[in-house]
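Q: Before anything else, here's the structure in question.
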Amino acid sequence: MARRTEPPDGGWGWVVVLSAFFQSALVFGVLRSFGVFFVEFVAAFGEQAARVSWIASIGIAVQQFGSPVGSALSTKFGPRPVVMTGGILAALGMLLASFATSLTHLYLSIGLLSGSGWALTFAPTLACLSCYFSRRRSLATGLALTGVGLSSFAFAPFFQWLLSHYAWRGSLLLVSALSLHLVACGALLRPPSLAEDPAVGGPRAQLTSLLHHGPFLRYTVALTLINTGYFIPYLHLVAHLQDLDWDPLPAAFLLSVAAISDLVGRVVSGWLGDAVPGPVTRLLMLWTTLTGVSLALFPVARAPTALVALAVAYGFTSGALAPLAFSVLPELVGTKRIYCGLGLLQMIESIGGLLGPPLSGYLRDVTGNYTASFVVAGAFLLSGSGILLTLPDFFSCFSTTTSRPQDLVTEAPEIKVSLPKEGLEED
């Protein structure tokens, strides 16, 4: 079978998009809806909000910190067996969590074991998808990540319904059964046959070059700050609304409203990322800024109408930034280094996922409400959007062509530029 020199922009790649759709639903859809369990865990174990927040925080951190392991294993064995193994671990963690008698058990089962399974599923699948698409990459990534918004819309009230009928232990058993579908998603993965570039080198050479690549390092810092505040509403919005005397079911429904808006935002953003000329980083900065502003305004809103409007705004903008965050990376490092680059990025930004929820819970324990929690979360996203301004070509003039490496090679070969195919040096 002949090896392609460029991604096919379709073919079996659409099946990979479908697999990534369900994987994003079963990983981040579950994480986003886990705030429904938050109140139950506080009541069941009699612990403070900050300590309970570590459950989801450890899960997010392990998923991201362990991504280089999933990337390295996928490079050696291929993404299919790695993702299928991750699905088994994710389901096993939820299964064991249903027998927990302390928060430590939940830290180990959901945080460590399920988090390890998520680490083996998400990064290899997104990297495999990026290898299939070039000019349609933002749209393909957006469609794949709509699974997060759709599942968040369905899972939040569904989990609340499960809790009312089966309590939290029975509910976790059923979440374990859902997570086992990750195995079937992994079986659909098949990397494209692309010609290898000997200049890329092995994993160690790629890691060394990435650690000396200034734009990649700045982008990693930006996403780490964004990640610190990104998940706060999905973990603490239900508890915040209950502090405002909302009933649990309407509070969970507001998460579903945000999830529907998130779904629309991902599709629209994916289409705009491919259609609007200029660097995708500009759109990413716009959506990140708007997400930070909407987060900071949550404590101000008290009327149900205002809270619904903010949920719609937050859902759309937070959903819109997600596919672009993954689309920018291949432009910085090239598709040949995407497995290593995505794994390293996820590992470093796990710092934000680890510290964000406990910090939010700590501020709630100190102040007695979630006002400071949402304001600080918004400030983290605004700080990340500021760093995005420093990436290459951000302030370059708009033109009819994009700044992607493939376009630069085709249309302006006489200009000396820094290309991912030729190295990772800055301009």
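Glycine residues also receive a Cβ, built from the backbone N, Cα and C atoms like all the rest.
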Q: Transmembrane segment per TrEMBL sits at which of 44-64, 191-211, 338-358?
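A: Within the set 44-64, 191-211, 338-358, TrEMBL attaches transmembrane segment to 338-358.
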Q: Give the one range among 82-100, 106-132, 139-160, 249-268, 338-358 whose Cβ atoms make the most pairs under 8 Å with those of the transmembrane segment (306-326).
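A: Selected stretch: 249-268, with the most Cβ pairs under 8 Å.
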Q: Give me the stretch from 12-31, 106-132, 280-300, 338-358 with the greatest number of Cβ pairs under 8 Å to the transmembrane segment (82-100).
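A: The stretch I would name here is 106-132.
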Q: Across the domain 'Major facilitator superfamily (MFS) profile' (13-396), what does the pLDDT come to on average, as a whole number?
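A: Looking only at the domain 'Major facilitator superfamily (MFS) profile' (13-396), pLDDT averages out to 85.
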